[in-house]
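Asker: The following feature annotations were taken from TrEMBL:
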BINDING   61, 75, 87, 171  substrate binding site
BINDING   97, 102, 134  Mg(2+) 1 binding site
BINDING   102  Mg(2+) 2 binding site
């Protein structure tokens, strides 16, 4: 009788372990599926390096002079506005305007010109200026825990998106340069533009 009870207890315990393991596996699969749907893409393929030219909060526009290997003050902003995020570009890319593809990094604190930030692509802002179509890749720092769950533009406060859009709509006003706002695009569209700009750079 004692042996029967012991075997029954062992069987019940084994069943409990199996049920617990299956429950844990199912919960993790559901979590991964939800993260995939929210993120919109495989998140392992959207991490890039951004070369910073202008730190957040600056109203000076710096550009990297490749011939001298130093930064040059391109101009001071005509309007009383400042860059709302670190601003730079993706190296070894070529955009439609003949320059490297622009990128914004939504840093918690400003970095510095020449800083390379490992960043996660969350979308893209599209506008037109005197040179034509102009895309801005929007990213967040990969190693900033404050942006751990920021995978798309939808994860940002709507007001922040309005601030960024407002900046680009007015920052050239006093230069008498026309800007036409087209709007926002998602991660997949942004990654497609990045790939196109890489190919353009390789084929130049």
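Including glycine, each Cβ sits where the backbone N, Cα and C put it.
Remember, TrEMBL labels are computer predictions, not curated facts.
Mind running through what each feature is packed against?
Answerer: Neighbour list (residue 87 (substrate binding site), Cβ cut-off 8 Å, at least 6 residues apart, same chain): 52, 53, 54, 56, 102, 103, 104, 105.
There are 20 other CB atoms within 10 A of the CB of residue 102 (Mg(2+) 1 binding site), with all protein chains counted.
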Asker: Rank the binding-site residues 97, 134 by the number of other Cβ atoms within 10 Å of each Cβ, and give the residue at the low end.
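Answerer: Fewest other Cβ atoms within 10 Å, among the binding-site residues 97, 134, is found for 97.
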Asker: Which Cβ among the binding-site residues (61, 75) has the fewest C-beta neighbours inside 10 Å?
Answerer: 75
Asker: Hey, how far is residue 61 (substrate binding site) from residue 134 (Mg(2+) 1 binding site), Cα to Cα, in Å?
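Answerer: Approximately 17 Å lies between the Cα of residue 61 (substrate binding site) and that of residue 134 (Mg(2+) 1 binding site).
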Asker: What count of other C-beta atoms do you get within 10 angstroms of the C-beta of residue 171 (substrate binding site), across all chains shown?
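Answerer: Excluding its own Cβ, residue 171 (substrate binding site) sees 20 Cβ atoms within 10 Å.
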